[in-house]
Amino acid sequence: RRRLRSASSCGSRAVAAMAPRRAAAALPSAALLLLPLLLAVASAGLSGYFGTKSRYEEVNPHLLRDPLSLGPAAAESRLPAACAPLQLRALLRHGTRYPTAGQIRRLGELHARLLRRPAAAAAAAAAGCPAAADLAAWQMWYEESLDGRLAPQGRRDMEHLARRLAARFPALFAARRRLVLASSSKHRCLQSGAAFRRGLGPSLSLGSDEVEVEVNDSLMRFFDHCAKFVALVEENDTAMCQVNAFKEGPEMRKVLEKVASALCLPVEELNADLVQVAFLACSYELAIKNVTSPWCSLFSEEDAKVLEYLNDLKQYWKRGYGYDINSRSSCILFQDIFQHLDKAVEESKSSKPISSPLIVQVGHAETLQPLLALMGFFKDDEPLKANNYVRQMHRKFRSGRIVPYAANLVFVLYHCDQVKTSKEEYQVQMLLNEKLMLFHHSNETISTYVDLKDYYKDILENCHFKEECALPKVNITAVDEL
């Protein structure tokens, strides 16, 4: 029988949960005076572990000082003077967004549990639970209508990114160069595309007509159109067995008990999903409002590492190396990138103007992560599993470093004069989050276009989206089949 190949499979038996315990830890009253300072410290220690809900500034800290600064990485990426950029292809994740309706509902549920307790704030403070008192007094300002929409900070993310790319590649963004702008159909992506265009400003007008954002879900949401991925991973609970096992494991149990104690709640009233929602509330308030939320006070840096791993496990098994189909489904996008690069090379060889010098497409973390896995980036020697948290402390696969809000993967094609061989005439660089990437085949930050195509020849020639995504005739649902 055909099987969905995975990096590792789960056993059918879940990791045994530890016996529930309830701890009580009183906080000295003097600490209440230090709470604002403690909160600020908490946010600073946690912000590097928010996974896909991380601010873009976590991977480029210099932007906290100046959002238009190109940073030290730009100075290190100079090409020889004889090379001129022909085409830039940018794949962007949307900017900072609000929580989804489901996340908002779960946060409301957790907050309501604190409010249901008798004289919640006063009782919590008296019981030595100042965090519970603060959270009972916290205003639940999220509304379900926000449902994953782009936040004002998300628009700024995109506008600033556009201006930095224009400053880094001025020849490509010069007046009257054609911009092809495409997006996923999701509102946050469409708004991100519009904000990117706005960031270029009137001084960087790309023609007399306003550029419209074209919807292209077949490329930006290829995963929705891949029946095999949807049936065997997206909608198959057993595909997430490593994630579910980690939720019941000792590391998460320790965090659960600590949070229950801080909230003066019986540990039985919480679960891993609710604790993760509280952690995400901390991340959202930092990313959206640039404030330290009282939700942050529930977690230490060690707790944050555990919760980051839980998020990374989900990304690994659902969007990364866990199953072949996760990455193979992205080959439709990968091939499209090279088709446009090919066209630019042919136009250059024929001394024609480059018809599409700028191609900018806005999608999701779920767009970028599978594509990077298809290309072999951020792959660890050992799969991420529920039982190897400690061994994975220094893993390459950290989603917050790879696909934070406003993440961007950029291909730049160059034409170079004064070269020794014809093969060196066309060269390529790749940047992730505005930092040059090392190519696997050369361990260099620049490659000839010929060598790059040769390295990925199998994917370019033999990965066919329709065949890859066809459902196997036997319906696979059992854990041991995955």
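Cβ coordinates come from backbone N, Cα and C, glycine included.
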As recorded in TrEMBL, which of Cys331, Cys416, Cys463 forms the disulphide with Cys83: Cys416
Cysteine of Cys264, Cys282 paired with Cys296 via disulfide, per TrEMBL: Cys282
Other CB atoms, at most 10 A from the CB of Cys416 (disulfide bond): 17
Which of Cys83, Cys282, Cys296, all disulfide-bonded residues, has a Cβ with the fewest other Cβ atoms inside 10 Å: Cys83
Length of the line joining the Cα atoms of Cys296 (disulfide bond) and Cys83 (disulfide bond), in Å: 48
